């Protein structure tokens, strides 16, 4: 079980997240809709039946609430990961995994109780369950701990593949959730059933983490003091052969891509409701297809790249191209059938993150990885709060005229990602990477980053 625990954790974490995401948006839309004059439960409980003029009223309010949810869940964890990266180098990854899974469990437990009183609660009260996630680190802290753990027990040769299977497990968990979302959430008690199932899955995940998750770090007897300044010294350290510039370009490229990933989700769903009168079932069907393709791409893509011996950065550069095209397809889509085409094309880009993380591990020595990933995941943790505001502002500004124009933001960000990766690839060609596989094992090894 120790060999597969990152994948199991990812599956059990993303399953409830995927099951509840669209349902939570529907809950907010229904609650806000009922506050509008002359709107009844029969209409508000079916988002596709809500008139367009009422959609123009409730969607901006829902987007603002979702923005606040993202801020609550990400701001504190973003700053915490700066400390927790090097802290985990000394104290271990396991405590971070346990506390982040616990926060997810508390979120769904509180939400399950709240929906029992949905007739009495205003929409803003549904932000309260996000507080436990914000206090325990949530997804950001879990990813930090798991990525560092994978780095601890893998080699340079199989690290990208293992990062890919971890990402694929996330996709499979979300896929199974999307396949069940429409059936589970239908009916008068759909909200209660959905959030209760999510709470049970999170409880199982916590038990699994307590019983089976090992500690991947050999803990020293004495631990060093964690200083934030040291983290930024490591990230700002001058490195040979322009490796510092290459590291910065990779971080910027991944950040631009994450802006798309975290910004598009809810806006895409609401845009589909307004443009093509979609409901949660249709959105879940599209999400299921996307996740199925993405999972297959992650499982087999890493091994294909390894077979043809394509470098991590070159592979990342290749997979961004379909994402650029898919943004244009969504923007121009004359019918909802084109959304499926765009979704399949965009799925190829899910390989970017594992290739990017694997590339980073080959640029810096292993004794600096905890600090480097702490700063990297700090930037990733801040992305949702930034991206949600960017996409919400763009969508709310265009909702009366061209709501689909918001996907031009995705096009620009995907193009920026490509340009940054291209710069990193040129550096790689000009200055081949230095391998750090045996730094800890060879006492005679001189770290070139210190020269």
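Placed from the backbone N, Cα and C atoms, the Cβ positions cover glycine too.
Automated prediction, rather than curation, is the source of TrEMBL annotations.
Residues or ranges marked as transmembrane segment in TrEMBL: 65-84 (among others). Same-chain neighbours of the transmembrane segment (65-84): 25, 28, 32, 96, 123-124, 126-127, 130-131, 133-135, 137-141, 144-145, 226, 228, 231, 262, 266, 374-375, 377-378, 381-382, 384-385, 388-389, 392, counting only residues six or more beyond its ends whose CB sits under 8 Å from a CB of the stretch.
Taking Cβ pairs closer than 8 Å, the transmembrane segment (96-117) reaches residues 9, 13, 16, 20, 24, 27, 84, 88, 125-126, 128-130, 132-133, 135-139, 141-142, 144-146, 149, 191-192, 195-196, 198-199, 202-203, 205-206, 209-210, 213 in its own chain, all 6 or more past its ends. The transmembrane segment annotation in TrEMBL covers 96-117 (among others).
The transmembrane segment annotation in TrEMBL covers 123-148 (among others).
Look at TrEMBL and you will find 160-181 (among others) tagged as transmembrane segment.
According to TrEMBL, the transmembrane segment annotation covers 193-213 (among others). Outside the transmembrane segment (193-213) by six or more residues, the chain places 1-2, 5, 8-9, 12-13, 15-16, 19-20, 23, 94, 97-98, 101-102, 104-105, 107-109, 111-112, 115, 181, 184-185, 187 with a CB less than 8 A from a CB of the stretch.
Marked as transmembrane segment by TrEMBL: 247-263 (among others). Within its own chain, the transmembrane segment (247-263) has Cβ neighbours under 8 Å at 70, 235, 239, 313, 316, 320, 323, 327, 349, 352-353, 356, 359-360, 363-364, 372, 376, 379-380, 383-384, 386-388, 390-391, 409-410, 413-414, 416-417, 420-421, 423-424, 427, counting only residues six or more beyond its boundaries.
Annotation source TrEMBL lists transmembrane segment at 283-305 (among others).
Only residues 6 or more beyond the boundaries of the transmembrane segment (312-332), in the same chain, are considered here, and those with a CB under 8 A from a CB of the stretch are 160, 250, 253, 257, 260, 268, 301, 305, 338-339, 341-343, 345-346, 348-352, 355-356, 358-359, 362, 404-405, 407-408, 410-411, 414-415, 417-418, 421-422, 424-425, 428. What TrEMBL records for 312-332 (among others) is transmembrane segment.
The transmembrane segment annotation in TrEMBL covers 338-360 (among others). Here the transmembrane segment (338-360) has Cβ contacts under 8 Å with residues 147, 159-160, 163-164, 166-167, 171, 247, 250, 253-254, 257, 272, 276, 286, 289-290, 293-294, 297-298, 301-302, 305, 311-313, 315-316, 319-320, 322-323, 325-327, 329-330, 332, 372-373, 376, 414, 417, 424 of the same chain, all six or more residues outside its ends.
The transmembrane segment annotation in TrEMBL covers 372-393 (among others). Within the chain carrying the transmembrane segment (372-393), a Cβ under 8 angstroms from the stretch's Cβ atoms is held by residues 63-64, 66-67, 70-71, 73-75, 77-79, 81-86, 140, 143-144, 147-148, 151, 231-232, 234-235, 247, 251, 254-255, 258-264, 266-267, 360, 364, 406, 409, all 6 or more beyond its ends.
According to TrEMBL, the feature transmembrane segment maps to 405-427 (among others).
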### Query
Which of 160-181, 283-305, 405-427 has the most Cβ pairs closer than 8 Å to the transmembrane segment (123-148)?
160-181
